[in-house]
Amino acid sequence: MAVRLSLPAPAKLNLFLHILGRRADGYHELQTLFQFLDHGDELHFETREDGQVRLHTEIAGVPHDGNLIVRAARVLQEASGSTQGVDIWLDKRLPMGGGIGGGSSDAATTLLALNHLWNLGWDEDRIAALGLRLGADVPVFTRGRAAFAEGVGEKLTPVDIPEPWYLVVVPQVLVSTAEIFSDPLLTRDSPAIKVRTVLEGDSRNDCQPVVERRYPEVRNALILLNKFVSARLTGTGGCVFGSFPNKAEADKVSALLPDHLQRFVAKGSNVSMLHRKLETLV
């Protein structure tokens, strides 16, 4: 008998991003601080007995078998030896190439949903290790806690930080992470810092100058948002954000922005809404 489950795939913000150097394998050593948003995609799962993995929602420009959702399901199927399959539907709300984790979050939600639906009983560490094979940001979503990240982003230290409201502006661009990290003008020698330093305000996003230069839409969004609040790029962008002490103030600034700018207001959270939902499942 088919079993159904619906779960959120929350957005995240990089509250800062420092690049410490480039490794011999081409990846970059970095430090960043992840916090979740109570806003994201929604995925719907229904088990099937024939072992097939089917995503019924098409994403423009992304082939079915290349979608991280499908890849996550299949890599878990292979690693666990499960003979079960799944039908998946996606309510897509997060932009692609936005720097707020849409694809990685969808993959993490898929891993955790199927761990539950297929009765695998995998622990957090095992799921996170598998998630890392899909992308450096996937483990933070599978673990579901705000975290100070190091290495290529996979070394996570949970943190308890303020949970403000955020106004996130979504420029209509698709930023290529690979292009940003290969840009010759990217800062790659930032000194390592402590979480305390970040919370005191002494931090930045090393990718921001490169993204602003390559994508005028992002630069213009930052200029507009900076009129009202200290604004910053998240990840490699193109989304930019500012923080507020309450929803009313975030909504007030949102209403002042030009109509053509896509944006949303969401609460920051140190425990992802995915994990809050999982805790309610028996």
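Cβ coordinates are placed from backbone N, Cα and C, and glycine is handled just like the others.
Annotation comment: Swiss-Prot describes Lys12, Asp137 as active site, evidence class sequence analysis. The ATP binding site annotation in Swiss-Prot covers Pro95, Met96, Gly97, Gly98, Gly99, Ile100, Gly101, Gly102, Gly103, Ser104, Ser105 and is backed by sequence analysis.
Where Swiss-Prot records a feature, it is marked here on the structure.
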residue : record           : contacts (Cβ under 8 Å, 6+ apart)
Lys12   : active site      : Phe34, Gln35, Phe36, Leu37, Ile100, Gly101, Ser105, Asp137, Val140, Phe141, Thr234
Pro95   : ATP binding site : Gly102, Val170, Cys239
Gly97   : ATP binding site : Val173, Leu174, Val175, Ser176, Thr177, Gly237, Gly238
Gly99   : ATP binding site : Asn14, Val175, Leu233, Thr234, Gly235, Thr236, Gly237, Gly238, Cys239
Gly103  : ATP binding site : Leu68, Met96, Gly135
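Cβ neighbour density within 10 Å is lowest for Asp137 among the recorded positions Gly101, Ser105, Asp137. Under the three-state DSSP scheme, Pro95 (ATP binding site) falls in the coil class.
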